[in-house]
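Next up is a structure, given as structure tokens.
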Amino acid sequence: MAPKFPDSVEELRAAGNESFRNGQYAEASALYGRALRVLQAQGSSDPEEESVLYSNRAACHLKDGNCRDCIKDCTSALALVPFSIKPLLRRASAYEALEKYPMAYVDYKTVLQIDDNVTSAVEGINRMTRALMDSLGPEWRLKLPSIPLVPVSAQKRWNSLPSENHKEMAKSKSKETTATKNRVPSAGDVEKARVLKEEGNELVKKGNHKKAIEKYSESLLCSNLESATYSNRALCYLVLKQYTEAVKDCTEALKLDGKNVKAFYRRAQAHKALKDYKSSFADISNLLQIEPRNGPAQKLRQEVKQNLH
């Protein structure tokens, strides 16, 4: 007796998933297509299921190098369930492969509004930023399409999904890729980094800390060997009450320069705001070993001391 050929949406999707895992992308694509036709013929409204099928078929197109059909299917998936992470990432990858860097940047950036821990989006943004700076120059941000504002409901939907979805795509965003960390900047990169850092400094003077963060981030993409750039970005994070980010940047700054007084002071401030008084006190103590007469540090030490007891 011949094996039963799958005919329900669930069976077709499961068969498609199996073919995809086995590297049979054309077969998987056909199975997802059949599942879509069956679902649509039923006339029942199940946008989540339909969106997943479009997104899965898009993954097949991407594997086969068919970027235009990948973009088309991802767009269909997103029309059904806006701000879904997988189709956004797949469409971004397809745009990137077609060298449509502004469109790829927008999709990666949209993903990071939903979940800023998605490593592939962090890495994608870094690649697109470098590509756009090279192709469009320092004013590249002005030439981008508008980036949609992600509603809170979309963020909540993602956070409510099973943890497997997050594990599949998310790692700590503080871990830069090995390629970026190990890349030795050229003299041109170092100069570009210096100019961008100065632009960030000017924005700080004007009180525009959000824009300054963008400039410092671009600077660090060109060269991540400048301790002051990390500690300057940390200041912006402090002002914006993003204390965990400030701690991370100060730590990076101190890895590069163990006597960076500003990094010690700003990390102490961030630790204090996070109510980690022990770490704050340790940072102030280290700072005062370098600069015993630092007035602001002495004052901060007194404030932290009161909270330690």
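The backbone N, Cα and C atoms fix where each Cβ goes, glycine too.
The following feature annotations were taken from Swiss-Prot:
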MOD_RES   Ser8  phosphoserine
REPEAT    9-42  repeat 'TPR 1'
REPEAT    86-118  repeat 'TPR 3'
MOD_RES   Ser160  phosphoserine
REGION    161-189  region 'Disordered'
MOD_RES   Ser186  phosphoserine
REPEAT    193-226  repeat 'TPR 4'
CROSSLNK  Lys197  SUMO2 cross-link
REPEAT    227-260  repeat 'TPR 5'
Please report how many Å separate the Cα atom of the residue listed as 'SUMO2 cross-link' from that of Ser186 (phosphoserine), as a whole number.
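Roughly 16 Å, rounded to the nearest whole number.
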Give residue numbers and ranges for long-range contacts of the repeat 'TPR 5' (227-260): same chain, 6 or more residues beyond its ends, CB-CB under 8 A.
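Long-range Cβ neighbours of the repeat 'TPR 5' (227-260): 174, 193, 197, 200-201, 204, 209-210, 212-213, 216-217, 219-220, 266-267, 269-271, 273-274, 290.
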Between 0 and 100, where does the mean pLDDT of the repeat 'TPR 3' (86-118) sit?
93
Between Ser186 (phosphoserine) and Ser8 (phosphoserine), find the distance joining the two CA atoms and give it rounded to the nearest Å.
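For Ser186 (phosphoserine) versus Ser8 (phosphoserine), the Cα atoms are 57 Å apart.
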Once near-sequence residues are set aside, which residues in the chain of Ser8 (phosphoserine), 6 or more away, have Cβ atoms under 8 Å from its Cβ?
Val38
